[in-house]
Amino acid sequence: MVNFTVDEIRGLMDKKRNIRNMSVIAHVDHGKSTLTDSLVSKAGIIAGAKAGETRFTDTRKDEQERCITIKSTAISMYFEVEEKDLVFITHPDQREKECKGFLINLIDSPGHVDFSSEVTAALRVTDGALVVVDCVSGVCVQTETVLRQAIAERIKPILFMNKMDRALLELQLDAEELYQTFQRIVENVNVIIATYNDDGGPMGEVRVDPSKGSVGFGSGLHGWAFTLKQFSEMYSEKFKIDVVKLMNRLWGENFFNAKTKKWQKQKEADNKRSFCMYILDPIYKVFDAIMNYKKEEIGTLLEKIGVTLKHEDKDKDGKALLKTVMRTWLPAGEALLQMIAIHLPSPVVAQKYRMEMLYEGPHDDEAAIAVKSCDPDGPLMMYISKMVPTSDKGRFYAFGRVFAGKVATGQKCRIMGPNYTPGKKEDLYEKAIQRTILMMGRYVEAIEDVPSGNICGLVGVDQFLVKTGTITTFKDAHNMKVMKFSVSPVVRVAVEPKNPADLPKLVEGLKRLAKSDPMVQCIIEESGEHIIAGAGELHLEICLKDLEEDHACIPLKKSDPVVSYRETVSEESDQMCLSKSPNKHNRLLMKALPMPDGLPEDIDNGDVSAKDEFKARARYLSEKYDYDVTEARKIWCFGPDGTGPNFILDCTKSVQYLNEIKDSVVAGFQWASKEGILADENLRGVRFNIYDVTLHADAIHRGGGQIIPTTRRCLYAAAITAKPRLMEPVYLCEIQCPEVAVGGIYGVLNRRRGHVFEENQVVGTPMFVVKAYLPVNESFGFTADLRSNTGGQAFPQCVFDHWQVLPGDPSEPSSKPYAIVQDTRKRKGLKEGLPDLSQYLDKL
């Protein structure tokens, strides 16, 4: 059944120029898993007839039931590429001489936006991405999100237009319309690529181009696909033209005039577009003959395209026959394989330009150089991007990629978590690796050792890492950079066991859940509640199901989903706030003000951060936000956690001993910005100015115990006097629906405080795309509500987009924010009612 053995794969692992690490990414339901099947069947892992229905990479039971991919799954496959195709691989680092075998490590990733953290984990360990787009619905919001992530990680995309069978059979598009649809999708994808890619960057040309062969067309369900290369090979003998020249002619504004036998650039009466005439017409003829049961035509057509049917296939007709014919004529596995081998980079090529994005340390130390040259004899550098649960309850494989060196069974190495800093001991373990394994979709195979440029799993590392980390043998190595997720966990649920005696099991289960999902957060509140935070309703539902059935194995009680809020201020403090230390010898004077719009987002994106050179940062702030340069240079720190979207500014004039209390003030600020004044939520977009400090001359009277609580009280007083407000998270919703259902969408959104900001028709189809902002708080049950109001015709996708201020004053008992604040305070076990200013403000 399988065309290769583990030994063959191990042999290929050393030929690093013939390795391709790639992931399949796309919008939800555009056919990633189905398409992956045709590659898997080409490798001989599943039977060809089953391809397109098996969805081999959907390994979990709930994935099969819901027909969605939830976890990304890896699989390694061995292929041989024919001599005539090897000619197209021109770069010397893209293939080994005298070797036809290619090793393709493929990761099938989920398309649903709630699981986009899985996509991030998959992208980190791969070098190329196959972007699948449904040619009927075009480029959607999730396509754009994952493509943007891929380009930020410096991953080279190739494009595949899926579901061509729908365009022909359901929509009945004619050839010219179909060409225009393709043309539009290619343009859209290239616009996204150009927006996020720096031109003249180290990756070279990343835009996709059908005439170069980096765009495929076909149908994953029916198992057929082609690139222009396949067709131009068929025609090159007939026309006696070079294959590459012909590929350029088969796309774009090229027309062939049958009467004069000449190529032309303009459309005239007698000529047809070459793509339609030479590629789409034969396909249309085959579809037409078979679907309309024209027996005589079928025979002559099959002879022309060179397809001979097997004996058992001769009795088929209709769709079954169509599938068989198209599959024999244009096998999908072959077309995809050629695209992957020719256009995606090998680890040798990719690590040259990805090293600086991946490695935190200096770019000239031993580890960095080994990663850059993908050197199997250098020190081991491996990044673990996620944990995969094993059949053995509670144990995990660590799944990741070897960037340099070799990882072997029984090898001793340093396991570094994300908080490790070189030279310190925290988050660092020195342990031996129990086993190295090869991931094969639903199965794993044991393997002795794995050299650089490959993807593998490790056994026995899971006790030392939570989710991600770096494994190395080089003692001065820095960490690989932490992954940036495009969504953030904003929806929370409190869980407790139905039987209180099961509490230890729940805690154990939460630990395992935190391991198995790259993004979920498990928090224990001060009131003793266990909170799970996820990206959205679906993500939480899957997490809770996993927790109940696999990780904790006990019945649970779940609260209703709750949304995380942020606190902010709406204007400058109306008075100077003074606080005295407990021993009355030190005084602080401060005010709070809101940041200008856009600055908190800049801090979140890392455009302004604590690591920046302070003069450059001050220049940026003064140019973009009109900050005073001298003040902007004196940002003491960001918070919460040293990176959050609030900061404290030193506006004092010549104060004695100021630097000695800086650490204490910063500590107080981190505390205050993590637990805001209204409901103990994080602060966002607040700038605190320190105006004056009076300190005791004796160092012993101005220690941390005096300054930290004083700072916190002063910050709270400043926040209360600056009109505090609540901020809520907002989803960007993209809804696809037919024209008749658009009215129903507006109704549902208006009831839920949402508003539509863009609506357009997908050209060439009756579908509309509506984009709207919807507060997360109102999004529970939104999908069900929407479907019942539109007769099940609308499909929403919600992505966390931004934070916005909740209208209303939290101090007025009749307002909505007041109710939310009281609910939150009650849930967290805080005193009812808002805190009084007099607790925090002191008199001179």
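Just so you know, glycine gets a Cβ as well, placed from its N, Cα and C.
The domain 'tr-type G' feature in Swiss-Prot is assigned to 17-348; the stated evidence is sequence analysis.
In this structure, LEU221 (GTP binding site) belongs to neither helix nor strand by DSSP; it is coil. Look at Swiss-Prot and you will find 26-33, 162-165, 219-221 tagged as GTP binding site, backed by similarity to another entry.
Annotation source Swiss-Prot lists phosphothreonine at THR57 (among others).
For THR59 (among others), the entry in Swiss-Prot reads phosphothreonine, with the evidence type similarity to another entry.
In the three-state DSSP scheme, HIS701 (diphthamide) is classed as helix. Under the heading diphthamide, Swiss-Prot lists HIS701, citing similarity to another entry as support.
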Nearest to HIS701 (diphthamide) by C-alpha distance, among the binding-site residues ALA26, HIS30, ASN162, MET164, SER219, is ALA26
Could you give the mean pLDDT over the domain 'tr-type G' (17-348), rounded to a whole number? 75
Between the binding-site residues ALA26, LEU221, whose Cβ has more other Cβ atoms within 10 Å than any of the rest? ALA26
Counting across all protein chains present, how many other Cβ atoms fall within 10 Å of the Cβ of MET164 (GTP binding site)? 27
In terms of DSSP three-state secondary structure, what is the assignment for MET164 (GTP binding site)? helix
